[in-house]
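Summarising the annotation, TrEMBL assigns transmembrane segment to B:19-37, B:49-69, B:81-109, B:121-143, B:178-196, B:216-238, B:258-281, B:359-381. The feature domain 'ABC transmembrane type-1' is assigned by TrEMBL to B:85-378.
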């Protein structure tokens, strides 16, 4: 009678074809005839596109210089990017005032970082400053006034303008969107229908026509003595447009709450007036 | 429930409160619109702009590079509206078809067990979803299509398709007399295929015998029109574009603006649709597939009877909003000068007539109408496919 002992024979290693690089390749690239064919096609496609692209973008590219003449090697011409980096970032903002933009964004960065850190103290206070005091400070930093040189909005541009539009758009569209979503779910027929019409209207038209409308029609809608800044017009269009989409997102979230827990707690009863 | 009998003050009654709130809201909205309309009328009067749609019948006096209906400078502003609208619809339809195909293929590829294929699909999705559409349109138009050779050095396929900086030149089909028979044959073939399908379903329900109605239907749809086509003597010929002087003559031309727009829109929307398709397929739990397999269904039937019908329920609502986005995004055509509704009507026509109110209202009305129609159609389809809960 033989007794099995663990040391009687060394454990066999798994076959070479199923572990390591070879095993991975077999399992993930050549598991069947079809899969192998697809892998080969994909590899060929990559071979045809990736090396020339890398060549063009990095190896044959020109990085430094002052103008087009510096681009001689036939690859990408990054010279323009390095020469015009300020325009990419600030548009036509006067270069002597760049520090104001940098300062405004730095303050915003610090405030937001403070709010994002879990255990930071005085969160409520900092939040209040971010929402109430900071916008005023940022307005004077970006636009000017109070002794700072005024920079008209048509000189703003580049990444700076993108960030400003996006931030203000998001911050203003969210509360409006929440109100609209609550309105759409409310049991008051008039409030509900106004919300539905507002949401469906803005969701049904392209952003570019909204911007057209706000730039062409807003001046007609307002009394003549009230001149609205062009940037502000675009901003109003963006906020309305975005709030309609935000409203649908919020509505989706509200719908995901089971009805039973809704009945138990309806903090917005004061708004909808329903029982 | 004695508590409800408790005396409430008028203001604490929810219904009264709702009434007051809604009256105030209505008043505010009415006042707001009254204010705007009043201002508008005053401003128009001061600027001497006549309101009304009379301008639509005046001669337009500008050319449009692509028109699907007869158009030249002598046609009216109303006609420019139609031309722009048709161009928008053209982009939207072609874009939706291509985006759906790309989305389906990439979405399935993303789930492939082949690592290379799924990674490539993932890279495609992440790259194209996260670059603004306007930039992508610029890329295809200015970087790719503007870099094509001049007509003399065109890329050609089979001496009938030519691609150059002026556009894509393709042969134009010329329908000769008798081609209407072929069209009727196509219609008839579809009717026959439909009848076969109904018959096969009823027979399977009654007797349990199966009949491959898909194959039979496809056969009828292919064979019947082809037979008629050759029977009436092949009434179709092609007008091939030929290089004459500096440009091609004859054939049809797809202008580069259209190509760039369609490519950008379908690649961008395709990336979103791919993720939607993936989410739909993943939403069907694997247990369903295993259960179907253990019942003895073949893998193909599992896909068509179990996985796809359930995946569609997840896919359809999201797909609808992607189609709507595509239609609305096609208005970015303005940026590269493709003559769509916004570019032609809300651009050139508005500038020439100054009728901002009317033009913008008509343009927005059209998009609103298209959007609401598509969502109504998709809602109807969604309702048909929805899980019937008891």
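Every residue, even glycine, has its Cβ placed from backbone N, Cα and C.
Unlike curated entries, TrEMBL annotations are predicted automatically.
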**OP:** Go through B:81-109, B:178-196, B:359-381 and flag the stretch with the largest number of C-beta pairs under 8 Å relative to the transmembrane segment (B:121-143).
**Re:** B:81-109
Original post:
Taking the transmembrane segment (B:359-381) as the reference, which of B:49-69, B:81-109, B:178-196, B:216-238, B:258-281 gives the largest number of Cβ pairs under 8 angstroms?
Top reply: B:81-109
Subject >> Listed stretch, out of B:49-69, B:81-109, B:178-196, B:216-238, that has the most CB pairs under 8 angstroms to the transmembrane segment (B:258-281) >> reply: B:81-109
Original post:
Hey, which bits of the same chain come close to the transmembrane segment (B:216-238), Cβ under 8 Å, at least six residues off its ends?
Top reply: 160, 171-179, 181-182, 184-186, 188-190, 192-194, 196-197, 200
Subject >> Chain residues outside the transmembrane segment (B:81-109) and at least six past its termini with a C-beta under 8 angstroms from it >> reply: 56, 64, 66-69, 71, 117-118, 120-121, 124-125, 258, 261-262, 265-278, 281, 322-323, 326-327, 330-331, 333, 338-345, 349, 362, 366, 370
Subject >> Beyond the flanks of the transmembrane segment (B:49-69) by 6 or more, those residues with Cβ under 8 Å of it >> reply: 41, 75-84, 86-87, 90, 255, 257-258, 338-339, 344, 348-349, 352-355, 357-358
